[in-house]
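The structure appears right after this line, and notes come after that.
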Amino acid sequence: TLGFGMTTPATVAGKVFLIVYGLFGCAGTILFFNLFLERIISLLAFIMKACHERQLRRSGLLPPNFRRGSAMAGVGSLIGWKPSVYHVMLILGIFAITLSCCASAMYTFVEGWNYIDSLYYCFVTFSTIGFGDLVSSQNAVYQNQGLYRFGNFIFILMGVCCIYSLFNVISIMIKQLLNWVLKKFECRCCPKCHKSSARLGRRNAITPGARLRRHKISMDADGQYDSDTEGRRLSGEMISMRELMASNKVSLAILQKQLSETANGYPRNVCINTRQNGFSAGVGALAIMNNRLAETSDRR
């Protein structure tokens, strides 16, 4: 997915082959990036949890002879613990900067670019932008050409995987920031929304006549109310079964789900605390990262 553009297919058969091969090639590349993200998150979670346990031992919250496989129920500081998204982002950022600096030093020495251009090339390449204004390994002859091209391949592969993982962590932080901004500005300019949200807070409660008031529909002939206005019932009136079922439709669905889970066995509780430390469920790489953080916090 870099697309430098220095080598392109010229014939019709080559272009058709590129389209067919690209479907599987790009899908396999994304799968490889997701697997790398899963492994790197597992490794970071394992290392950070080991550091967290060591810190707890130093502070006296853990016994000196504590082992990871021993009884975890008595240790409240490690139950449900997961590494923070900020710590993961910091580690990935340091690793990406270190990798880019090392690769830039190699490109400056071999290609003859200045160091700033080499850093620019590393970011454009590792982020798969691929402008093509600077492309490595294009000269006819290099000193130690085989070793340089192998190092170039390793740097690009590791750099793309690391930046891909870092971008996924940054996307989680952007999501957190947007949710925080939306929460701060939620319905501050409209006091009517506060009233409506307060009503919706008891959505599953039995409120006779509320369904008719909300949708503003006319009452049936056999269901006439004796109350004064807007279909409200008096305190002594009975509630019909149909209205009871309509107003508690959501509660009955939740009850049915709980009964089904009880009969078939509860689902995995890996993601019970997935919203702790800023991690929430996502799609694709975000879901992989979230599940791996939850699994490593429970297993290790």
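Cβ atoms here come from the backbone N, Cα and C positions, even for glycine.
Over the domain 'Potassium channel' (1-40) the predicted model carries a mean pLDDT of 94. The annotation domain 'Potassium channel' is assigned in TrEMBL to 1-40 (among others).
According to TrEMBL, the domain 'Potassium channel' annotation covers 96-175 (among others).
Annotation source TrEMBL lists transmembrane segment at 16-37 (among others).
Positions annotated as transmembrane segment by TrEMBL: 85-106 (among others).
A Cβ distance under 8 Å defines the sequence-distant neighbours of the transmembrane segment (118-135), meaning residues of its chain 6+ beyond its ends; these are 1-6, 96, 99-101, 103-105, 107-108, 111, 155-156, 159-160, 162-163, 167. Look at TrEMBL and you will find 118-135 (among others) tagged as transmembrane segment.
Per TrEMBL, the feature transmembrane segment maps to 147-167 (among others).
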